[in-house]
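Undergrad: Here it is, the structure, as structure tokens.
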């Protein structure tokens, strides 16, 4: 083998194991050179990272060559090839690693020469190593020249994933990208928001720090500061620990992240342990550079208590433990560094070993017998990367065997390598290697590579803690794992039962076991629910808290979002919840008064209608215009019924009834009252006209009512066409509260505006009631109407103030509807009581007044006296002739009252009694009367029977004709009144006429049966 060495470089040892194909190896057997020692020699030996990993490669080669595992016996079943090794100590130093890599480059260059010029040396097909990323990078640049694939067992820098710079580099461990992500996930699990970072200068620490900061983007984790240490300058460690303890910005920092290899970690723990006040001050979080290694915490374990570290998941190999524990210096001669390892482990010295600065103080002689060291507290444990070394060796062997099978079809057990295998095709081997997938039966681990040649795996999470607090026994304990390909998205799983936190009691100078409460590492306290943070400086983890606006939720710690109009925040202000719609219903207590009043009023109205139907032919009912009374009672019923849709849950039907019923029902009542008052005003206030007022019949009065109601009906129908009935949800915010109200699509104000026409009717009725307040005493219905109108005016004036004045109340919509329902019911009830209660009292409790004489009124007015004709036989003529104006003589003013009693019966006979009384101021003219009885014809009976005679108050407009024969047969005295007799009603043209209808039973003179006789009393001037 060639032994290339640069000038002025120290000599170095190596391991060479001959074979058909050689596998190269680089391991950090010693620590790098130190300026303190003043020599370029490598320093102290590394027992775990160096010797154990080196022996793991030798162990793997033994398994391959002996086919002692199921995997190797299967892969190499038909091959007799033997694999050798060329292994160097990299000293974890780039310059030495490059120098020794040339020894692997030269034999590979020889393979490129013609066959006649080649040497007999075996080809180096691949290299296993190195441990640190910076050394692997240096070696990769050399091996790329010879196209030798390199596979690392511990280099995790993400820079090594860059292709094509490190085209021939692969690794069985996952890159630092996963490490950085694992560290971030652990910090999030611990709920830390403010951490410090200590990084080692060089590729490992700086690249891992960069990856860590990249992963922190969009995370609520801040770095309080980055502190750098240099392995070649021990003063940097003391400076970093002092700054971390004294600087004010690290006052609340508990979590300290260490991105460094084990040598730097050991120096950091050394500086921390040197000061008692720093015990328990920080919780260190280390990466795979620390992992589960014993070297960093040896002698400085108290500074590492509570520390959390990660390392690629351990897959211990039991066969290796058996192999390594049986190694003794006298038999393990192929490892030139094993004696040095033995001396360092057991603190002894062999006689034949050279004296060094590391063993010069050892006085005890070393022995091969393990029993000699039973009293020494030497703990053996399998180093965490041993199985990765075995995986790397197995991967190269399997890939090389596949390349041999591909190149050499006729290979034999005696000659496994054919001529076609040369020159060695490293590019093809690299392609085969990265597509290799297998399961190592020794470690029970599946091997697979990414397209860039990175390994896929998981990380174990450890905590350095007291195993036995009473004995102060410290060790690593597995508390969880991190997986980069977890399907359930729970990348970090930590067993809280195994996670323990210990606190140092400075007064008693001892460690106490604390509860499972995780130490906090923060800059500012967390905000309360419904608050967001406002950053006070460039650090997003230092903030002041500010409450979100009303009806906003805090979607995260920095952003508030408003809820929709139909939503409000939940109690934690994290989600918007939909409001439950509020509406007025019969279940609401506030609606009960309206419903009770409506029900009572409806029952009273139905009772009144029943009484009116039962006693429809009595004088008191006939005197009240039955058609208008029924029309008015229908309107009163409608007003009471409208209260129900107002208080029921809004629906398209209830909204329809509200739109059409509220205004129209009140219009019906007011139309009937307006017709009554208008008619009274026209009759009793008409003192100048001789003509009878028009439209006084019941049919005409109903037509007037219908015309008044049609105006409201047309308006309501147009309103329904413009704004169809329906329901809507209205969001309203008052007094820092939001309510969702279920209402009809039409605004409540529009419902109130629909009553404007009714207000005009109320004003008109009130005006007419005032105008007719002095009509004759017996006809007191006008006063009742007036009182009803005054009361209704007061009610609706109060309604307007309540309806529009309580919008600030939370229950405004309930109050508005209930108030409207109560106003309608009260208005209808007042009309019912004022107009119908007196009549019901007479019918039910005072029937003696229910006679026609009680509903007859005489009116005395001033009128001029007229001359009487001289011939009394004037009345004997067959027809009456009118009196000429020139035949009349004017006399002194007199009181002239005429009462006409017009009696009809069902037996076709009637009597007409006319009584005139004239009282002169200075003379008495006399009293005259005409009494005439005879049979009535059907036409004459039609004058007083039929529809016009059934309604009270005013004489009809019908034009009956008097029976001339009857007048001829009548005996009329000469001194009778000057009544003009013609074929038409003699008082048709009179104004201010009042007639009443009575019903009596009269016994006929010639028969024993009774007949019904109707009397009409007409009093006119």
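For all residues, glycine too, the Cβ spot is worked out from N, Cα and C.
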Undergrad: In TrEMBL, one of 687-711, 712-736, 812-836 is tagged transmembrane segment. Which stretch would that be?
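TA: Based on what TrEMBL states, transmembrane segment spans 812-836.
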Undergrad: Between 511-530, 531-550, 551-570, 751-770, which stretch does TrEMBL give the note transmembrane segment?
TA: 751-770
Undergrad: TrEMBL tags one of 422-444, 445-467, 468-490, 652-674 as transmembrane segment - which one?
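TA: That would be 652-674, per the transmembrane segment entry in TrEMBL.
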Undergrad: TrEMBL lists transmembrane segment for one of the ranges 628-646, 837-855, 856-874; which is that range?
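TA: That would be 628-646, per the transmembrane segment entry in TrEMBL.
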Undergrad: For the feature transmembrane segment as recorded in TrEMBL, pick the matching range from 590-616, 887-913, 914-940, 941-967.
TA: 590-616
Undergrad: Any residues 6+ beyond the ends of the transmembrane segment (652-674) with a Cβ under 8 Å from its own?
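TA: 628, 631-632, 634-636, 638-639, 641-642, 645-646, 704-706, 708-709, 712-713, 715-716, 719-720, 725-727, 744-746, 751, 754-755, 757-758, 761-762, 764-765, 768, 785, 788-789, 820, 824, 827-828, 831, 835.
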Undergrad: Is the transmembrane segment (590-616) packed against any residues at least 6 beyond its ends, judged by a Cβ distance under 8 Å, and which are they?
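TA: Same-chain residues near the transmembrane segment (590-616) but 6 or more away: 584, 622, 626, 629-630, 633, 636-637, 639-641, 643-644, 646-647, 811, 814-815, 817-818, 821-822, 825-826, 828-829, 832, 836, 840, 843-844.
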